[in-house]
Amino acid sequence: MNMKTVLVLLILALATIFALVCVLLTRGRAPPSCQHQPPVQEDTDDGHSLVFADLTPEEMAQVVRYLQENLGVQLVDASHAKPSDNCIASLDVQVPAKAEVLQFLDGGGARPPREALAVLYLGNQPQPNVSEYVVGPLPGPLYHRDVTVHKYGGQVPYHRRAVTSREYLDINLLIQRELRKAPRFLAACCQSDGSDLSILTTAPRGFKSGDRVTWFVLFHNVAGTGYYLSPVGLEVLVDHGDLQVSRWQLLKVFYNGQYFASPRELESAFVSNVLEVVRLEKPRDDTVLGSMKPQHPPGFLGPLQYEPQGPRYSVRNNRVTFQGWSIVFGMNLNTGPRLFDIRFRGERIVYELSLQEALALYGSNCPGGMSARYFDGSFGIGRFAYELVRGLDCPYTATYIHRHYLAESDTPKTNQNSLCVFEHDAGLPLRRHFSDSQSLYYGGLRKNVLVIRTISTLLNYDYIWDFMFHSNGAIEVRVHATGYISTSFLHAQGTDYGNRVGPHTLGTMHIHHIHYKVDLDVDGKLNSLEKQDMEYELVKDPWSRQHTIERPQLRRERLKKEEEAAFPLNTPLPRYLSFTSTKTNKWGHPRSYRLQIISFAGKHLPTSSSMERSISWGRYQLAVTQRKEEEPTSTSVYNQNDPWTPTVAFADFINNETIINEDLVAWISVGFLHVPHAEDVPNTVTVGNGVGFFLRPYNYFDQDPSVESPDSVYFSSEQEAITCGANPLACLAPAATCTPQLSPFHYGGFHNL
């Protein structure tokens, strides 16, 4: 071997060693962390959005102190107040009148005074009542005024107040005492002494105004799982209308198809062997229906959505901005999520978009199930929006926001991380085209949306509230129902009202109806409602006059009165319904936004029902009315406990007023009929259980505004599609080599319970 060959081999050996060293040194090195870039759209709000802001804990504390010192009545902390006491039931922000807000936002006017709305239960009065006070200005309140009569046309009777946690506690104690009068029956039917049974309320409470009489359904309680699927067949009727708790009574007992005057009578029937008893074993962890504990160990991790250069949206105070969108968000204690001053590319599209009510109406052959009509706003859709689970309820890297509330206590509480904001890649093109003739090219745009989400747990059900903002100027509103079904004990002809889902469990049929308020301001406050649909016209072909053609023709009509714009539930809607402006786009058409409703609602309660007026908003899938400050909501929290004389009846809003060139509101109902089935165990899935609506630009622009999106993709047969500068998809490989900066998992959602 000559010297030249030795040198070549030596160089090759050194090169190999160097390469191996490089591999060994870099093998254990983690890729760099993703570096966040500031969003392209700068927030220039200057604090104007705070005119809509929810109360802060500090403001709530100020209002409580002011009322305690200035109202002139003795106030007891609601957390331990008796019905015969006075207490502060809740606080919320008093949103200023729209005219004042617009003068401030658009006209350079003064900022409206910041005020709170306080709801008080005044039981220690000659005439007990519910009163509402506006307290202001904040911070540092100096005045209060009673607005009850102005809002509702009279005093709110005391029996319409919501049931407080303290009241439920006293009811539970009464039921426990009474159940001890039937010890042998309870041991036989349920392997229980009554103290370990869970108690579920129903509503409304009676059959006429003034009643406060409630059926309570009893279930086996197993730690760590939902008790809603384990009814024991026992239900009790309690009268809790008296201001003195000692005078409350258990009026009736129901068991397995039979009614008894008292637990003693039930016990006597059992001892006398005249009662058919279904002997239930106390459920065990491994046999109980409804357990959500994993049945298998964790597998491989699924896909993770993350932002290599940080979020492309911005959250500041109560305002989100994203690719031309600007949205102000908040949360009402009772009615839940609400959005204000929604703008796209600087133009206001919606002044207010808010949830109004969620109704669940049940059927059963048991008294609790057959009488249940839950108006969830009276329980607290916003109050019971708890902390979201990072990585499941929302993407792990979403922005999580705390919400504060004051209810049934003098101390504000915080639901941490109970609202989330994130950008979502829907995995679907927003638009695309592949050209295979003439010129050859591909053009498209990913469907990325901004999502604002919160989730409310209302007894057994969980509602996922989504508000989504698309790059073409469309707004999508969607609700999904999940959680546990409500059940009755299966007896007799129970399957006429649902399906059997367990040994003795009937999944009871029910309807979900959800109501929204949409105050659209399309190119200004004054709008009209236009419907468009198609008809076929039969014409002779103009080139020969020998044949006929069925030609689709567009029919347009401007609706004039509110009655014309009230569309009954479960009847066909015009295929195109739009809020139109007096101004036109470049092509001469009125600038408009279209309403598109996606719903599978069940039947509305018959109008002959004594309580139907309290939910008369459910008569309509869509109703458009003139906007009025004195009609801020379609219902009231007081309707639940007195639906026979509703405090607010939506039917009264529709009174044949003109809707041409007026400030208009769209009231939208969506929902579905749910007949529970075996696959609702352990609990209901979101698949197929989502409804909602779209607000879509219709000739509002001169072309699709998403053409300005920086995410657009275009390349032709004459281009190198792999060039990063020409095709943003080609930039993904180098841009996504970083690792997301994930904060450690934490959950504190049980702290306030």
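One-based numbering along the chain as shown.
Any Cβ shown, glycine's included, is placed from N, Cα and C.
If you check TrEMBL, you get these features:
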ACT_SITE  Asp376  active site, proton acceptor
ACT_SITE  Tyr461  active site, schiff-base intermediate with substrate
DOMAIN    67-142  domain 'Copper amine oxidase N2-terminal'
DOMAIN    161-257  domain 'Copper amine oxidase N3-terminal'
DOMAIN    305-706  domain 'Copper amine oxidase catalytic'
MOD_RES   Tyr461  2',4',5'-topaquinone
SIGNAL    1-19  signal peptide
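Note: the Cα of the residue listed as 'active site, schiff-base intermediate with substrate' and the Cα of Asp376 (active site, proton acceptor) are spaced 10 Å from each other. Tyr461 (active site, schiff-base intermediate with substrate) counts 23 other C-beta atoms within 10 Å of its own C-beta, drawing on all protein chains shown.
The domain 'Copper amine oxidase N2-terminal' (67-142): residue composition by secondary structure is 16 helix, 25 strand, 35 coil, according to DSSP. Assigned with DSSP, the residues of the domain 'Copper amine oxidase N3-terminal' (161-257) fall into helix, strand and coil as follows: 29 helix, 29 strand, 39 coil.
Taken together, the residues of the domain 'Copper amine oxidase N2-terminal' (67-142) have an average pLDDT of 97.
Sequence-distant neighbours of Asp376 (active site, proton acceptor) (same chain, 6+ apart, CB under 8 A from its CB) are Glu357, Ala358, Leu359, Ala360, Ser456, Leu458, Tyr463.
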